[in-house]
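See below for the structure under consideration.
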Amino acid sequence: MTSAIFLAMLCLGMALPSPAPDPILDVEWQKWKIKYGKAYSLEEEGQKRAVWEDNMKKIKLHNGENGLGKHGFTMEMNAFGDMTLEEFRKVMIEIPVPTVKKGKSVQKRLSVNLPKFINWKKRGYVTPVQTQGRCNSCWAFSVTGAIEGQMFRKTGQLIPLSVQNLVDCSRPQGNWGCYLGNTYLALHYVMENGGLESEATYPYEEKDGSCRYSPENSTANITGFEFVPKNEDALMNAVASIGPISVAIDARHASFLFYKRGIYYEPNCSSCVVTHSMLLVGYGFTGRESDGRKYWLVKNSMGTQWGNKGYMKISRDKGNHCGIATYALYPRV
């Protein structure tokens, strides 16, 4: 094809033909579509198959290199296999990090006797992993998770709280529902509203809706919230002494999208820009402590088939890797 014809096709909005599919992957492609309920038009099929094959090649290349000791984690094909990185990054919008005035963040005296391992999930503070689906509601899952942990600490009862309540009702505070939200503004809503419903009375719908909060169904409330100073020592102190912490990371990478298990380290991660909210539920290390394979344990909201049953380990003490300590806060109840 000449360059002139190529340019003409672009100007006319014509799609270039997809590359021929690899017949060796036919069975795997069909199994993947069935597993994740994928169905395409004839036109879409070739395009999506090409994207899927490209992602599959990247995953196999990464895992091959991991077997040679180049990486510390594996990747796996999942429900996002038909997404290009460009499409994924359109969803991973940069989260504005509030400027915290002096005296507004918590700076407790750092303990020298912190536990070497913390896992609040094992202690009953964490509800099951959910799937945010088509709604960009990671911020709401992060906030409900942090409140659930503190309510369990206070009452001994672990009650799943309503993500949809936050999606529908925190617009007056500045959130944008399924388009974009901020954990700080979501906590402001709960505090100003005087309560938050449970998942049982206000279930998740994966879409924006009108606010239908009912005070009589309020299940949890907060008295305020605190920012954690932007360093990993303070974050370690907070998660050890307080419980699950709302955090955000830079998740704009294929390595994140197809993460499976191991300690995640992405050389291209930013320590300043964060795009995806998660729930920090612990920390630890693998092997011997002197080996330096330290990690943060975080809960995601992309379902149990993502990562290690919905969880991820992120490199700890590696220069605030992926911005794990850049935007951390927790509620007071």
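Every residue, even glycine, has its Cβ placed from backbone N, Cα and C.
If you check Swiss-Prot, you get these features:
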type: SIGNAL; residues: 1-15; note: signal peptide
type: DISULFID; residues: Cys135-Cys178; note: disulfide bond
type: ACT_SITE; residues: Cys138; note: active site
type: DISULFID; residues: Cys169-Cys211; note: disulfide bond
type: CARBOHYD; residues: Asn217; note: N-linked glycosylation site
type: CARBOHYD; residues: Asn221; note: N-linked glycosylation site
type: CARBOHYD; residues: Asn268; note: N-linked glycosylation site
type: DISULFID; residues: Cys269-Cys322; note: disulfide bond
type: ACT_SITE; residues: His276; note: active site
type: ACT_SITE; residues: Asn300; note: active site
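Structure coloured by features recorded in Swiss-Prot.
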{"residue": "Cys135", "record": "disulfide bond", "contacts (Cβ under 8 Å, 6+ apart)": "Val167, Gly177, Cys178, Glu205, Glu206, Lys207, Asp208"}
{"residue": "Cys138", "record": "active site", "contacts (Cβ under 8 Å, 6+ apart)": "Gln132, His276, Ser277, Met278, Ser301"}
{"residue": "Cys169", "record": "disulfide bond", "contacts (Cβ under 8 Å, 6+ apart)": "Tyr189, Asn193, Cys211, Tyr213"}
{"residue": "Asn221", "record": "N-linked glycosylation site", "contacts (Cβ under 8 Å, 6+ apart)": "Val190, Met191, Gly194, Gly195, Leu196, Val333"}
{"residue": "Asn268", "record": "N-linked glycosylation site", "contacts (Cβ under 8 Å, 6+ apart)": "His253"}
{"residue": "Cys269", "record": "disulfide bond", "contacts (Cβ under 8 Å, 6+ apart)": "Ile249, Asp250, His253, His321, Cys322, Gly323"}
{"residue": "Asn300", "record": "active site", "contacts (Cβ under 8 Å, 6+ apart)": "Val129, Met278, Trp306, Gly307, Gly310, Tyr311, Met312"}
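Just so you know, of the disulfide-bonded residues Cys211, Cys322, the Cβ with the fewest other Cβ atoms around it within 10 Å is the one at Cys211. For the recorded positions Cys178, Asn217, the ranking by surrounding Cβ atoms (within 10 Å, all protein chains) places Cys178 first. All protein chains considered, the CB of His276 (active site) has 24 other CB atoms within 10 Å.
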